[in-house]
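Residues or ranges marked as transmembrane segment by TrEMBL: 12-39, 51-76, 88-105, 111-131, 152-175, 187-206, 244-266, 278-298, 310-329, 335-362, 374-395, 401-423. Under the heading domain 'Major facilitator superfamily (MFS) profile', TrEMBL lists 14-427. Summarising the annotation, TrEMBL assigns region 'Disordered' to 436-461.
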Amino acid sequence: MHTTTARAPSRARIAVAVGIGNFMEWFDFAVYGFFAAIIGELFFPPGTSPFVALLSSLAVFAVGFVMRPLGGFVLGPIGDRFGRRMQLAVSVVAMGTATTLIGVLPDYAAIGVAAPCLLVLLRCVQGLSAGGEWTGSAAFLVESTPTHRRGIFASVISGTAALATIAGSLFALFLNSVLTEEQILSWGWRVPFLMAAPLALIGLYIRSRLSETPVFEKVKAQQAIQEPDRLAVFRGFRRNIKPILLTLAIAAVQGLGFYYLATYVVNYLISTVKLDRGTALGLAAIGLFVYMILCPVAGALSDRFGRRRLNIIGTIGYVVLPFPVFLMMSGGDSIAIVAGISILSLAQCLVSVTTVVMLVELFPASTRASSSALGFNFALAFIAGPGPFIAAWIAGVTGSAVAPAGYQVLVAAIALVVIVRWLPETAGRNIAADHAEDEEHAGEGGAAGVPADAIGSKGKR
């Protein structure tokens, strides 16, 4: 089956096609977090205490994280068998449909216990789609990019996550400020979720008009993708066990760092530092904006100096910086808070952009989408995703404004051992190859001199 179109995708079209699905995921993430208390009040039995209702709402939200690994199992093989474009089309339709349906879902007063059940079901669909979106986007973008610019183009994925979080939080704050409490409860909270419908249609239109990646086409031409194999995911797991474990390590640091910046910092500033919600969101948004503009810089640096070196620097940053930064923020000074978030953003941009590229460069072409999704989604579901909740628990138990940094430092320290010992340099690898790359050059740093084509090679200068 021929999967390409006559239209060769421009780099701008590729960036928009990849970015729009990622934007939808993180916009929903921010909006749900903002309206979690209202959703808990509306979708769970009357008489439930506000605290229990909030916990129930957050538990439903957490279901999406748990479903991410399954989403990788489902959507990853689609990307390996039918193409990256097909994987992205399925994920954007599933995500857009589920998010829109949440926006029109009747509450508990209307349909009783069916309301929370349907909410859980739709969160499951969102989690499934998210499980294939990030890794599928990484594969499509990097496989369509010249070798010497993979890092800077990969920054689109990291940057749009930050942009969407800022947009979602500020839009929710705007609604909260212009609508009455009655309007918010009645229909206002639904507006951001309904915005997913036009975004999904635009995303599907753009993605359907893209050509398949040159790497996937080359793999097909070389007959590296065989007849359908129901055990392909498990064969890929056995074949790529080391890259999968490395992905687990780098994604744990990357995911936890972003969840701290995107969600926990706001809750920390409200509950521990005692700032009002508007001020906390504004300061966090400034910090995320700094992170967003640093991502292309980190991508360019990784193209020049290599992924391994920058990822290690960023991970070391997460070992040594969180305690001082939380100490800075605990005083409540706005300048110190923005400075602290910006300092963490320096470490985050290094680990985030390099992780996106290495999700592609660490794996052979024919099992890339499915294998990379395993380690990445397990890290997000069970290490990074629970991070804000663990941090809040630590703060509550210890009563310390600095202690929440401990979980971040612990995860980064463990990952650092793995990364320093086993992570190879991947910049310039032949990402069309259907075999494991030689990892004997783990200590090599530079990416200079790599070929400027979309497939690349690891040949010597």
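The chain as shown is numbered from 1 upward.
Just so it is clear, glycine is given a Cβ too, placed from its N, Cα and C backbone atoms.
Ranking 88-105, 244-266, 310-329 by CB pairs under 8 A with the transmembrane segment (374-395) puts 244-266 at the top.
Highest Cβ pair count under 8 Å relative to the transmembrane segment (187-206), across stretches 51-76, 88-105, 152-175, 278-298, 335-362: 88-105. When pLDDT is averaged over the domain 'Major facilitator superfamily (MFS) profile' (14-427), the result is 90. Remote same-chain partners of the transmembrane segment (51-76), defined as residues 6 or more beyond its termini with a Cβ less than 8 Å from a stretch Cβ, comprise 32-33, 36-37, 39-41, 43-44, 87, 90-91, 116, 119-120, 123-124, 126-133, 135-136, 233, 369-374, 376-378, 380-381, 385-386, 389. Here the transmembrane segment (310-329) has Cβ contacts under 8 Å with residues 250, 253, 257, 265, 268-269, 273, 298, 301-302, 336-337, 339-341, 343-344, 346-351, 353-355, 358, 401-402, 404-406, 408-409, 411-413, 415-416, 419-420, 423 of the same chain, all six or more residues outside its ends. Of the candidate ranges 88-105, 278-298, 335-362, 335-362 has the most C-beta pairs within less than 8 angstroms of the transmembrane segment (244-266). Residues 151-152, 155, 158-159, 162-163, 165-166, 169-170, 173, 177, 261-262, 265-266, 269-270, 310, 334, 337-338, 340-342, 344-346, 348-350, 352-354 of the same chain lie 6+ residues outside the transmembrane segment (278-298) yet bring a C-beta within less than 8 angstroms of a C-beta in it.
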